[in-house]
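Participant: First the structure, which I've put down as structure tokens, then a few questions once you've had a look.
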Amino acid sequence: MDSPMEKFIQTYLTLLRDGDETVETSKLSESCRKEKLDMKQVNEWIALFDVDKDQKITFEEFCRGLGLKQNEMRIERNHIKTVQSGREQSLPEGVSIIASTMPKPKQVEVTQLFKDIYNEVKKDPDMNKVVKTFKSELERRYGRVWQVNAVTHSYWASFSHEPFQSIQFQYDNKIILAWRTPSN
């Protein structure tokens, strides 16, 4: 489930214009209202970005204001566009998503990565090796710092993560929890 911050970021990225990479504050407020976000919080966030009071928020201002990496937000924006266009791929066979804040294209990438590692190492019953390899590969592909857990029964979890960097899924008889925490 997306947090209010993730919904806000997704709303901004959806409205972002290609040419000049700006969003008008009025359009952002209107879209956030439609998404039923807390407008008091939205207005506080907008005030972080529009410091020059020109009623526009550039992509650079937005990322700087929230401490987000521009290159990662461009990737997230491309994922959003893929979903909106209907060109997204299906999840790998045998994978079911329990919860995720990742856009569907990234869910496909991450679950396929796990499935490949799991099936490669499956002959070795040491799940620790699978988890360590999966964590290392997530960090190589998506940056540091990832946390990975594998469980076989019920679980309860509460954790903080970077926007759009959390996934919980089941494959075979394993439940995998993975999320990225800030590295700074």
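Just so you know, glycine gets a Cβ as well, placed from its N, Cα and C.
Taken from Swiss-Prot, the feature Ca(2+) binding site covers Asp50, Asp52, Asp54, Lys56, Glu61. Residues or ranges marked as domain 'EF-hand' by Swiss-Prot: 37-72.
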Participant: Taking the centroid of the Cβ atoms of Asp50, Asp52, Asp54, Lys56, Glu61 (Ca(2+) site), which other same-chain residues have Cβ within 8 Å of it?
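Facilitator: Going along the sequence, the neighbours come out as Thr25, Phe49, Val51, Lys53, Gln55, Ile57, Thr58.
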Participant: On a count of neighbouring CB atoms within 10 A, which of the binding-site residues Asp50, Asp54 is highest?
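Facilitator: That would be Asp50, with the highest Cβ count within 10 Å.
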Participant: Can you tell me how the residues of the domain 'EF-hand' (37-72) break down into helix, strand and coil by DSSP?
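Facilitator: Residue counts for the domain 'EF-hand' (37-72) by secondary structure: 22 helix, 3 strand, 11 coil.
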Participant: To which of the binding-site residues Asp52, Glu61 does the lowest count of other Cβ atoms within 10 Å belong?
Facilitator: Asp52
Participant: Can you give the mean pLDDT for the domain 'EF-hand' (37-72), rounded to a whole number?
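Facilitator: Here the mean pLDDT over the domain 'EF-hand' (37-72) amounts to 86.
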Participant: Report, as a single number, how many Cβ atoms besides its own are within 10 Å of the Cβ of Lys56 (Ca(2+) binding site).
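Facilitator: That number is 17.
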